[in-house]
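As structure tokens, the structure follows; a few thoughts come after it.
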Amino acid sequence: MTDAAVHAVNPDQQARVRLSGREICKSFGPAQVLFDVSIDLHAGEVHALLGENGAGKSTLVKILSGYHQPTSGALSLDQADVTFEDSEVAENHGVILIHQELNLAEQLTVEENIFLGREIKRGWFLDKAVMRAEAKKLLDQLQCDVDPRTRIKDLAVSDRQMVEIAKALSKNADILILDEPTAVLTGREVDILFDQIRRLREQGVAILYISHKLDEIKAIADRVTVLRDGRLITTEPVTDVEKDDMARLMVGRDIKQMFPDRAPVEAHDVAMSVRNVSVDGQVRDASFDLRRGEVLGFAGIVGAGRTALMEAIIGLRDRSSGEIERNGEPVSIHSLQDAKKCGIAYLTKDRKGSGLLLNMDMRPNLTLLALEKFGTVILNRKAEEAALANAIEAFDIRAADPKAKVGDFSGGNQQKLLLAKVMETDPEVVIIDEPTRGIDIGTKSQIYHFIGDLTKRGKSVILLSSEMPEMLGLSDRIAVMAAGRITGILEGNDRNEHEIMRHATGISGKQGVSVYE
Amino acid sequence: MSSLERSEASTSSGFNIDFKALGPFLALVGLFVLGTGINDAFLSGGNLSNIFTRAAFIGIIAVGATFVITAGGIDLSVGSMAAFISGAMIVVMNTLVATLGAGIETVLIGVVLSVLLGIAAGAVNGLVSTKGKIEAFIVTLGTMGIYRSLVTYMADGGTLSLDFDVRGVYRPVYYGDILGIPVPVLVFFAVAVAGYVLLNMTPFGRKCFAIGSNEQVARYSAIHVDRVKTLTYVIQGLCVSVATIIYVPRLGSASSSTGVLWELEAIAAVIIGGTMLKGGYGRIWGTVIGAIMLTTIGNILNLTDAISNYLNGAVQGLIIIVAVFLQRGDWRRKKSK
Ligand SMILES: Nc1ncnc2c1ncn2[C@@H]1O[C@H](COP(=O)(O)OP(=O)(O)OP(=O)(O)O)[C@@H](O)[C@H]1O
Ligand SMILES: [Mg+2]
């Protein structure tokens, strides 16, 4: 157990190796995903783990925390060999992993989740009052004002992530591993999380931190380890590597151009107009034109109504008023099927919950949205296989085993498959919600170029994103929403962070300013 | 879906026998070996045809249940539905004897009625659960009671018997054979083939898989989720009606105890066959084998004195639990979570 009173950054402390993995190899069936990877976690240090999607980061940390067994190689804790038969053994040794995918029981409340399996009891009964107070304290520490009695299913994803973090904190970790905790967090929440990480570091906790956001790595990490294709590339102090170096080490090449070049579009050639669309309680009177071949960004703080507006346009949500025109003709869209017929496709931001069938392989996933293309009476399996081969090629989907369930794919490859699925309907208008959540920098650039190519082929794209560089780098124009209204559509030199923030927060509003940092 | 099975097989290291797909089949072979060992009469043509003919009822119903369960639903009302449809058929055919006489026409009208009732009863289950947004378990638990009490009411608490002459005309549907193969077995085979094609080779089948594995994803994939789900219940109703059409000439009567616990046997056949109860994965051939296994167990117990016949249910229950345990496949691996 670490003494909480240890003074910060004392050099001996820094060098104290807590948990280490030696020459770890891991195979899933015939596919080997880790090759002789060694890593040391030091007390009082934040160690960042970097790598492309599918590099094996999650697999490595699952081995370090007892969720997987290494195929070969060994773990040691405080210089003594150790085996974690399962995650419970690892937790008893103080090793806690916060998973990349949220692992909460949806039907249970926040407090029940935090104390799941470790319920506080008085006599034979649960001591609910104490657990509620404890949960409240933990959440307060994270400045997260959700009621401990709320059910998880009623929480936004970012709040769910904060609950995961609270749960991990409550376990008094000695060695804390966070697998992409910030993928779903807003800027303010990231700041709070970093404060907590710094506090733990000062208490001597060894922290392993995975993220695709290189700014974050620069801000929080002491050392970085880079994995590529399951192999250890390097471990260095963070001060010795610049962001460009990190990207190059991860990808194995220079990323020359992050964003595609944009060509000017004809202002009068309108692919879709949205007129006075309202959704009860979420969107008020939204109107805009989408020009052919443009990327129209939609910015706004969380809860501004962007997703609600898009879902209303494609018929997934009831409109209380409003019309939609395609190529100047009014169209009637009341379901996703209608939207599909009008050539409008929607790429969901929730790729696991509403995008992909995780228990199936790639082929049924790819063709699901465009099923009628593959036969109205009998499905043409050959055509499906051919479409899959095309998609793997066109979207550069890299799967160790193409017949594996897509749930076992890395995030980036899932995202590319989702994009391929949506494009299989050959839509004219594509609405893309958070296309790069949890995606590595190389793949991000690839996805940006896919989007650029779409517009070159005359497709029109609506982009929803909470990442400012993405918004600015991809969009020709940016519509900003606040409290359910479109407060401005920015063009030319107005397309900048300052103007976006001004419109996103109203004139006086300050809350959420750090959403874009 | 064969690709899924293949991936299972290729990822399991060592020898490449796909236990998950072959499991039910191997178990059936095992049962046959056991049966032969216990009594030579087991393999006689008469006994085998008896097994398959009996398996046909549950099997046909279970093919329908495979659709419902693959799409993430459940139908508890099939046994009552079968009783209700038999009762209605008998009442109507008996009434028609006065006007049409005891001929083919009377039987045909009975058959058409059965099909219509099956479709209607299935549609009720499907529409109430999808449009009313009520769990299928609850809805079909309700209709289970409703259909059952309707037949009790029709029979006035007793037994409805089919007119003796009609019975003579109708008889071949159960007792007849073509090229030595009993009619029920042929119908069972035809239903299974149709079910296989529909579930594995058509867009409809694919949509069933998608809905069962994640309804939200299906909805975001522009699938008419409610329509597809309702159709699975209609298919189930149709299968019940086909099974009933074969069943009526066998006993020639219907009462409140007709078809009791068939829903459990049908669901058991589906699950033994490898379809997942939580939806998203279904196998028609597995279901067929599951149905044959269940009747074979009963048959073997009949042929031996070692275990009392009254323990049939216990042995079936045991087999279901063991089958599902073996299929899960992780009994070979070490606990991984
Ligand atoms: N349970 C599993 N069965 C089969 N293959 C798996 C399994 N888990 C992971 N893989 C494969 O191992 C490789 C590494 O996956 P891993 O999840 O560790 O990547 P990652 O670096 O965490 O990627 P990301 O940044 O997308 O989260 C991938 O090719 C993935 O498909
Ligand atoms: Mg990962």
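Glycine too: its Cβ is placed from the backbone N, Cα and C atoms.
The feature transmembrane segment is assigned by TrEMBL to B:21-39 (among others).
Annotation comment: TrEMBL describes B:51-74 (among others) as transmembrane segment. Same-chain neighbours of the transmembrane segment (B:51-74): 82, 129, 136-137, 140, 174, 182, 184-185, 187-188, 191-192, 195, 198-199, 207-209, 211-213, 215, 228-229, 232-233, 235-240, 242-243, 246-247, 262, 265-267, 269-270, 273, 275-284, 287-288, 290-292, 294-296, 298-299, counting only residues six or more beyond its ends whose CB sits under 8 Å from a CB of the stretch.
The transmembrane segment annotation in TrEMBL covers B:81-101 (among others).
Annotation comment: TrEMBL describes B:107-127 (among others) as transmembrane segment.
The transmembrane segment annotation in TrEMBL covers B:134-154 (among others).
Under the heading transmembrane segment, TrEMBL lists B:174-199 (among others).
Outside the transmembrane segment (B:230-248) by six or more residues, the chain places 56-58, 60-61, 63-65, 67-68, 70-71, 73, 75, 78, 81-82, 85-86, 89-90, 110-111, 114-115, 117-123, 125-127, 129-130, 162, 170, 173-174, 183-184, 187, 191, 198, 204, 208, 254 with a CB less than 8 A from a CB of the stretch. What TrEMBL lists as transmembrane segment is B:230-248 (among others).
Sequence annotations record features per position, and here TrEMBL assigns transmembrane segment to B:260-277 (among others).
Remote same-chain partners of the transmembrane segment (B:284-301), defined as residues 6 or more beyond its termini with a Cβ less than 8 Å from a stretch Cβ, comprise 21, 24-25, 27-28, 31-32, 34-35, 38, 42, 47, 50-52, 54-55, 58-59, 62-63, 65-66, 188, 192, 195-196, 199-200, 265-266, 268-275, 307-309, 311-312, 315-316, 319, 323. Residues annotated as transmembrane segment in TrEMBL: B:284-301 (among others).
Proximity of distant same-chain residues to the transmembrane segment (B:307-326), defined by a Cβ-Cβ separation under 8 Å and at least 6 residues beyond the stretch ends, is recorded for 19, 23-24, 27, 265, 268, 271-272, 290, 293-294, 297-298, 301. The transmembrane segment feature in TrEMBL is assigned to B:307-326 (among others).
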Tertiary contacts of the transmembrane segment (B:81-101) (same chain, 6+ residues out, Cβ under 8 Å):
61, 107, 109-111, 113-114, 117-118, 121, 143, 147-148, 150-151, 154-155, 160-163, 165-166, 237, 240-241, 243-245, 247-248, 253-256, 258-260, 262
Counting Cβ pairs under 8 Å to the transmembrane segment (B:21-39), which of B:134-154, B:174-199, B:260-277 comes out on top?
B:260-277
Given the transmembrane segment (B:174-199), its same-chain partners at Cβ distance under 8 Å and 6+ residues beyond its ends are 49, 52-53, 55-57, 59-60, 63-64, 66-67, 70, 205, 208, 235, 239, 242, 246-247, 249-250, 282, 284-285, 287-288
Counting only residues 6 or more past its boundaries, what in the same chain has a CB within less than 8 Å of a CB in the transmembrane segment (B:134-154)?
68, 73-77, 79-81, 83-84, 86-88, 91, 121, 124-125, 128, 160, 254-256, 258, 263
